[in-house]
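Below you'll find the structure, written out as structure tokens, and then a few comments.
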Amino acid sequence: CHLIHYLRLSHHLIVLNSLICTFDKLKSVSSEDITITDAVFDGVEVRVFEPPVKRDERLKRGIVYIHGGGWALASARTSLYNNLCRIMAESLNAVVVSVEYRLVPEVCFPEQFHDALRATKHFLQPDVLAEYSIDPSRIAISGDSAGGNLAAAVCQQLSKDEHLTIKPKLQALIYPVLQAFDFNTPSYQQNMNMPVLPRYVMINYWIDYFNGNYDLAHSLLINNHTALDVSQALSFRGRLNWTSLLPSSFKKNYKPVIQTTGKAEIIQEIPALLDVRAVPLLAENETLQLQPKTYILTCENDVLRDDGVMYAKRLENAGVEVTLDHFDDCFHGCMIFTVWPTDFSAGVQTRNSYIKWLDENL
């Protein structure tokens, strides 16, 4: 993929996504009991999963789901996410709206955020909820990985929208990516070479999302962009101090990496590194206080573990009811791997725990 990109034949992410979709066509996931339709919500493509109508049934629950893939890969239509959303719809007797936001490199930040926000706000309109027989008081917004990032950012934006009459009751974030401020948290150090999502791959996803230059990767890796002399980062430092936000069991013996002198030009070139629409963990406390009841799933073998744990702690400190569901023996992305030939027990374990929480709280 990278050779094709280097030869300027195509972007490596386009090639990789094509390979994913080609492999995906080999799979067939049954959906006999769920009606699956494609629709457009305010210009954004979505896939809607509806359980069958039952006689004398009450209004259904509703879930907006945003898929992962580094803002660049996968789709609401792939079998892995099709299967997850179908099982959610069946298990919860809920209407699930899976957002097909546009991907890198077709578009970059903030377009993915705008797509997710537009689709969600359209879904939250009273007439749309009535069309799908959804209880306006029982709606959740959820997503995994980069989709968890978008779900958190959208939820923050919705919470501040004074014109919105219906807002989510819950947010459920699955190993979300929430910050690009510190690439040396304990989980980034511990899992820097962990398969599925090594640290350098996550940094490259951020660079692609922001349409930045790969030459900046090393400076980001050593936190040059948030050094003590980078004035733009100073006001955010207190919001992401993992030495106070993480329990000792996660901090272990790792030390903070804080540069005295860095490169302020990185923030000038990529100001989105400090934009809360891209990095929800940096939101101010006044915004966090407005967030709904929250579920955050984290995995030990994941560079993003501490993103989720720190967000849970900041929300808790702001007075939000939070469930942190941590799995010591699981890895990033495991929840969608429940279909042969990648049917892992970690996927079933995390998925069941996630759906159980939604069933008990939504």
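Backbone N, Cα and C atoms are what each Cβ position is placed from, and that goes for glycine too.
TrEMBL does not curate its annotations; it predicts them automatically.
What TrEMBL says about this protein:
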ACT_SITE  S145  active site
ACT_SITE  D302  active site
ACT_SITE  H332  active site
DOMAIN    63-221  domain 'Alpha/beta hydrolase fold-3'
DOMAIN    275-335  domain 'Alpha/beta hydrolase fold-3'
Arithmetic mean of per-residue pLDDT over the domain 'Alpha/beta hydrolase fold-3' (63-221):
96
Once the chains shown are all counted, how many other Cβ atoms turn up within 10 Å of the Cβ of H332 (active site)?
26
